[in-house]
Each structure stands twice: as structure tokens, then as C-alpha cells.
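Pulled from Swiss-Prot, these are the features on record:
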- 40-60: transmembrane segment (TRANSMEM)
- 94-309: domain 'ABC transmembrane type-1' (DOMAIN)
- 98-118: transmembrane segment (TRANSMEM)
- 132-152: transmembrane segment (TRANSMEM)
- 179-199: transmembrane segment (TRANSMEM)
- 241-261: transmembrane segment (TRANSMEM)
- 290-310: transmembrane segment (TRANSMEM)
Amino acid sequence: MATHDNTEHVSDATDEAVGWESKLRYFLNSDFVRSAPYWGIPFVLMSIAVYGGTGYNFAISFTDYEGLGTPDYSTLDLEMYAQALSSDAFIAAAQNNLVLLVGFTTICLVLGLFLAILLDHGIRFSEKFQTVYLLPMSLSFVVTAQLWLWMFNVESGILNLVVTTLGFNPVDWLGNPSIALGAVILALIWQFSGYTMVVYLAGLQSIPDDQFEAARVDGASITRTYLRIIVPQLKEASVSAAVVLMVFALKAFTFLYALVGRYRPPNGTDILATLMVRRAFKFGEWAYSAAIATMLLIMALGVIGPYLYYQYKQGGL
């Protein structure tokens with residue numbers, strides 16, 4: 001009897017070992033493992049450069065590190081965050097960020113929708129207009145900044161040429177703090193309104209023509225048709241375009257730096273990104289800048305996170 005029991009135990013152990021060997025063999029032959037040489041190295045490098053750098057930045061934001069030597073992790077606190085949140089410069093930069101975020105995104109969406117509706121109606125040369133409107137999107141922030149720097153020039157800029165032709169005095173677009181941020185928003189709108197136009201145009205062309213015909217038969221005006229029937233169906237296009245625009249608004253440092261060629265942008269246009277870089281590279285306040293960078297990351301996650309969660313719930317990820 002004991003011999004029979006031992007035989008059963010040996011048989012069970014053998015079956016279990018064979019099962020594990022089969023699972024291991026299946027795993028080693030899976031596409032995940034076989035493709036590891038192709039995605040593994042990039043993943044490791046990205047993890048070190050991106051996630052490692054982000055983690056290091058987060059860690060030094062709790063210290064008083066000034067860029068020399070090794071950070072002292074013996075006393076970690078929230079002093080840098082407290083200094084930033086109580087600083088007038090930080091609050092002013094955050095307000096400018098908010099104005100840039102809301103103003104730039106809203107106007108781009110409205111203008112892009114208007115242009116998309118015009119092109120969707122099949123106006124003459126619509127394909128050529130579409131190319132012209134989208135062309136600025138292909139330019140880098142540096143090129144756009146230099147182009148608009150010339151256009152904003154007080155003496156020879158094309159904008160002031162128009163202003164003086166109309167009988168008004170030249171405007172110092174970037175030297176006047178009350179309008180400088182508006183000038184920056186104008187330049188960014190010029191660059192990105194074509195992007196929102198293409199997004200909305202794709203959404204409009206996916207809507208069946210039957211809906212337009214039914215609205216026309218019911219006697220609805222063009223304006224009422226778009227406001228009540230068409231625009232509500234562009235919700236997903238609006239959300240996806242808004243997320244992209246807000247992310248670009250948070251990344252406006254490159255544009256502002258290229259506009260003036262230094263860490264200090266025109267008065268009235270300082271944003272959190274320019275403040276962060278200036279305090280780090282000009283004043284050596286690395287821990288303080290790391291705290292600002294962490295808060296910027298939280299803002300970016302606040303923009304992208306809900307969108308990704310929504311896409312996940314809808315099965316889009």
C-alpha cells in the first residue's frame with residue numbers, strides 16, 4: 001500500500017514538473033521573449049534617461065541641493081515647495097501658464113473648428129487652403145519664434161507696418177507687459193490652429209451626409225444644424241485636440257527662449273518652465289527648480305491622466 005502511495009506522489013511530482021517545463025518552454029518561445037532583443041535595450045535606456053531622471057529630480061526637490069557636490073539626503077523636507085508656493089515670481093508664472101493654457105487652447109479649438117467647417121463645405125481651392133493652414137504646424141518652435149520676432153519688430157515688423165498704415169502709432173508687442181503674453185499666444189495660435197482644423201475636418205467627414213439632409217428638410221438653419229447636431233458629435237475630437245494643445249502650452253519654454261535668446265523672456269510672459277530653467281542654470285538653485293519641475297509634471301499628468309483613463313474605459317487603449 002505504501003509503495004502504491006509513493007508511486008502516486010512520484011507520478012504527481014513528475015506531472016507537475018512536466019507542466020512547469022511546458023509553461024517555461026511556452027514562455028521562452030512567446031513573442032514577448034523572442035522580441036526582447038529589439039525592445040529590451042531601448043526600454044532600459046528610456047527607463048534610465050526618463051524615469052531615472054524623473055526620480056532623481058523628485059528626490060533632490062526635497063533637499064537644498066545647489067548643483068555642487070552630492071545632494072544631502074539626510075534631511076528631507078518640503079521647504080522648496082513652500083518657498084515656490086509663497087513666491088510672487090512663482091505665482092505670476094503660474095498665472096501666465098494658466099492664461100496661456102486656457103487662452104491658447106480655447107482660441108485654437110474655436111478657430112480650427114471654424115476653418116474645418118469652411119473647408120468641409122467644399123469651398124474653392126479647399127485642398128490648397130488646407131495645406132496652407134497646416135504648414136505652420138510643420139515648423140519648429142525655434143523657426144516660429146524667429147519668424148514672429150521679425151513680425152513683432154517695432155521698427156520694421158509687418159504688424160507695425162499695418163498699424164502705422166492705419167494711422168496708429170507703432171506697438172511694442174513684446175516690450176509692453178500688458179500685451180506681451182497676448183502676442184505670444186497669437187504666435188502659438190498661428191502655429192497650431194491648422195492642427196485643430198485637421199482634427200475637426202476628419203471628424204466632420206466621418207459624419208453621414210444624411211444628418212445634414214435631414215436637418216435641411218426639417219427647416220433647420222446651417223448655424224442651428226452645426227450647434228445642435230454636428231458639434232456635439234465632435235466631442236472626442238475636441239478632447240483629443242485639447243489635450244495635445246495643453247501639453248504644447250506647457251512646453252512653450254522652447255518658443256519663449258528662442259524668442260529672446262536668454263532665460264528671461266519678455267516681461268509679462270514668464271511661465272513656470274522659464275522660471276524653472278532660469279533658477280537652475282542662472283542662479284544654481286537646483287532643488288528649487290526641481291520642485292517647480294515636479295509641480296509641472298503633476299500639471300501635465302492632470303491634463304493627460306483623465307484623458308488616458310477615459311480612453312482606457314472606452315477601450316481605446
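Quick reminder: no glycine exception, Cβ is built from N, Cα and C everywhere.
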Legend entry - Positions whose Cβ lies under 8 angstroms from the transmembrane segment (290-310), at least six residues beyond its ends: 54, 57-58, 60-61, 65, 80-81, 83-84, 90, 97, 239-240, 243, 246-247, 250, 272-273, 275-276, 279, 317
Legend entry - Same-chain residues at least 6 beyond the ends of the transmembrane segment (132-152) whose Cβ lies under 8 Å from its Cβ atoms: 115, 158-159, 173-174, 183, 186-188, 190-195, 197-198, 252, 254-256, 258-259
